[in-house]
Amino acid sequence: MNGSDFGGGGGGVANSTGNGTGADAAWPDSNQFELSWWHQLAWTALFVPMIMVATGGNLIVIWIVMTNKRMRNVTNYFLVNLSIADAMVSTLNVSVNFSYMLTSNWSFGTAYCKISQFVAVLSICASVFTLMAISIDRYIAIIHPLRPRLGRKTTLMIAAGIWVVGTILSIPNLIFFTTYTERFPNGEQRVICYAEWPDGITTESFQEYVYNVSFMIITYFMPIGLMSFTYAMIGHELWGSQSIGECTQRQLEHIKSKRRVVKMMIVVVTIFAICWLPYHIYFIVTSHMPELTTEPYIQDVYLAFYWLAMSNSMHNPIVYCWMNSRFRQGFKQFFSFVPCINVRTGSLIRREVVTSRYSYSGSPDAHYRIVRNGTVCIPLNHLCADNGSGHLRVPAAHWRQSRKHGSDSSVGEASTSSFSFNTTAAAAAAAVDTVTGSSNAS
């Protein structure tokens, strides 16, 4: 994205054809960029669903993380930050710019002309810098596991810093964007939202060209290069390196969890790079070949590239739902009012009671099981408190049935009719409430 060309000036086309400066610019005929009714219908059929999915999907992602306490880990906080940026750009910028591009007339006033372009640049800065923060966090967690991890407070401070940097980079749009009313001899008029820099209007300003090139490097090429490096190193560590000795089942599951997170983020970054590359190329080419902006097909070309770039906001929630089981269950939970969607109760929560020797864990698929590491797994609804004494008791029938399905000798010696776990009431309550975070956790 080029900072001053984010949908401004009739979709990045009208601005490119100005022959003067300021209000005296010789704008092209008012009908040049008006789309036929069937063009408008076709583009509406593409843009409206994209805006709805981008806005709704990202708001649901925010809801899933904020309403499920154990999903509030570092990666998910950053994903919330990313979703806020994507929801902002789809609601506050794409919707109004799409209307502008269809009618070639800005009907939202000078103030919102500035705000819309400011929000657009701010959102894309927040998105790409958040993706960078996630990649760096994953890199440190996997390549340097002994280093201290980010805490909640530090994560929120980084997220706030991302918005501050984005605001600084977006200020030129707030200052230089304005509107101009063009009147025609036949009585028609149209309002144009465009950037007027101190040394000229859009595409005639060297200052804007420097800003756009710098912005492109800072928000596209540098982040893509950095994320390519970090994920390449992470991939080599998770898939290419050989572990010394034999891994336990828990270690293998931990590695698989990290791989799933990395796969998801690589997909997100790849989609970002693909969606935005044509848009950047468009402005690079038209900056050096402005005559292309007068071609009759250029409006459709720009709309196609603009739709692809903005659709990046729509793809992220789809990727989360597709590649992350907890987000998938969260979406099902949100749409539980739909009859055909089946949501398992407590599917976002896995409760565990862990003691020094035995670990009891609820399972929706089996009543009792004894796993290889000597862990007895029993649904928590079969565990009962012993009259507030601070002990948890398991009925003898349940214990005998669990033994019958197990073969681990280290567990077989506990054969009394019932047994207690020596733990305080507070510890037991905390253990019962233990909920694993999303698989995004390292």
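In case you wondered, yes, glycine gets a Cβ from its N, Cα and C as well.
In TrEMBL, annotation is done automatically, which means it is predicted and not curated.
Here the structure is a predicted model, which means the values were calculated and not measured.
Record features, source TrEMBL:
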- 57-320: domain 'G-protein coupled receptors family 1 profile' (DOMAIN)
- 41-65: transmembrane segment (TRANSMEM)
- 77-95: transmembrane segment (TRANSMEM)
- 115-136: transmembrane segment (TRANSMEM)
- 156-177: transmembrane segment (TRANSMEM)
- 209-234: transmembrane segment (TRANSMEM)
- 264-285: transmembrane segment (TRANSMEM)
- 305-323: transmembrane segment (TRANSMEM)
For the transmembrane segment (77-95), which stretch among 41-65, 115-136, 209-234, 264-285, 305-323 has the most Cβ pairs under 8 A? 115-136
Long-range Cβ neighbours of the transmembrane segment (209-234) (under 8 Å; 6 or more residues past either end): 1-5, 121, 124-125, 128-129, 131-132, 135-136, 138-139, 142-143, 169, 172, 262, 265-266, 269, 273, 276, 280, 283-284, 287
So what's near the transmembrane segment (41-65) in sequence-distant terms, Cβ-Cβ under 8 Å and 6+ beyond its ends? 35, 71-72, 76-77, 79-80, 83-84, 86-87, 90-91, 94-95, 98, 101-102, 303, 307, 310-311, 313-314, 316-318, 320, 326-327, 330-331, 333-334
Quick one: mean pLDDT on the domain 'G-protein coupled receptors family 1 profile' (57-320)? 89
